[in-house]
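First up is the structure itself, then whatever we jot down about it.
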Amino acid sequence: MSESVIVSVRCRPFNEKEKQGGYKKIVNIDTKLGQISIINSKDNSNNNNNNNGSTGSLNKDKNEENIKTFTFDSVFDEDCKQIDVYNQTARNIIDGVLNGFNGTVFAYGQTGSGKTFSMQGSKSSPELRGIIPNAFDHIFSHISRTTQKKWLVRVSYLEIYNEEIKDLLGKDTKKKLELKENPETGVYVKDLSSYVVKSVEEIDNLMTKGNKNRAVGATLMNAESSRSHSIFTITVECCDTGIDGKDHFYAGKLHLVDLAGSERQSKTGATGERLKEATKINLSLSALGNCISALVDGKSKHIPYRDSKLTRLLQDSLGGNSKTLMIATLSPASYNYDETLSTLRYANRAKNIKNKPKINEDPKDAMLRE
């Protein structure tokens, strides 16, 4: 049975730069209706006579045509709590993975709009933990409650940097890995390391280790800008003894994807290596956009998955065997009007993608058999 990609949109608070610039608030969020309105103010530059980044109501414009409204599965304003975002968006995906479905959660948005905060959060306090650490807790608390089944959890962590795939948990994190295709299991990364984990602490330590190897660099828009796309994959295998006394195996695979942000050189001030990174980032994001467009267009027989490493790795997540959640992240400031509108349009298209998730029964590569 087919189901749509779930799309949620989250708007972060004003940052210091936007407050100091005195930019207008151009985003209005109705969490009950799942709607986001964006206003095209005649003056997208700074305006020091406005609410200076406060969270007051949207500046009303006499010309209603300047307001565009979008509806999504769920929307979150700047006051939302991390755990509420998790419970209302990712929880169902992780439940599916624990029952043998594949799942994907990915954050999309311009640079500095809060993707990494939504996906990983902050370690400074438990309330600030993002979707990934909350998923770790969810998986292991479920396993501890269902002792009548046998479980095995393994993880891998890769990044796509300048269109090259690197193993963030491997002995040689500089080594370039190759994409291969298996007729039964689909696209995979050759020689990507995989680790069996038995607790939240173990999986958390691996994530921390991988994050230290990620490509991060400062730009004018974001002091800790992710310069690569990363995919943290958790495979959950289960062995259940049926009424017939036989063992039944199934395995769910969860991709947790932190995309690098789309960016404009004029705003980030990127030069040299940073500019090269940005060019590759924007190319792969545009390939992702082309795949989304082709999938929802209905007329396209060919989906251009092969245009980038990112789209090949996400091939199952978009139009394939996966339950998929996209979280689109926004800035509320007039300074970012064009990027915010672009993100909303991108997200609006993605909600029309149809996937065909099915339980992965009797997987050939199940380690639990050994």
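Note: Cβ is positioned from N, Cα and C throughout, glycine not excepted.
Pulled from TrEMBL, these are the features on record:
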BINDING   G109, Q110, T111, G112, S113, G114, K115, T116  ATP binding site
COMPBIAS  40-52  compositional bias 'Low complexity'
DOMAIN    4-353  domain 'Kinesin motor'
REGION    40-62  region 'Disordered'
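Positions of TrEMBL features highlighted on the structure.
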residue : record           : Cβ neighbours (10 Å)
G109    : ATP binding site : 28
Q110    : ATP binding site : 24
T111    : ATP binding site : 25
G112    : ATP binding site : 26
S113    : ATP binding site : 28
G114    : ATP binding site : 22
K115    : ATP binding site : 26
T116    : ATP binding site : 26
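Classification of T111 (ATP binding site) by DSSP places it in coil, neither helical nor stranded. Looking only at the domain 'Kinesin motor' (4-353), the predicted model's pLDDT averages out at 89.
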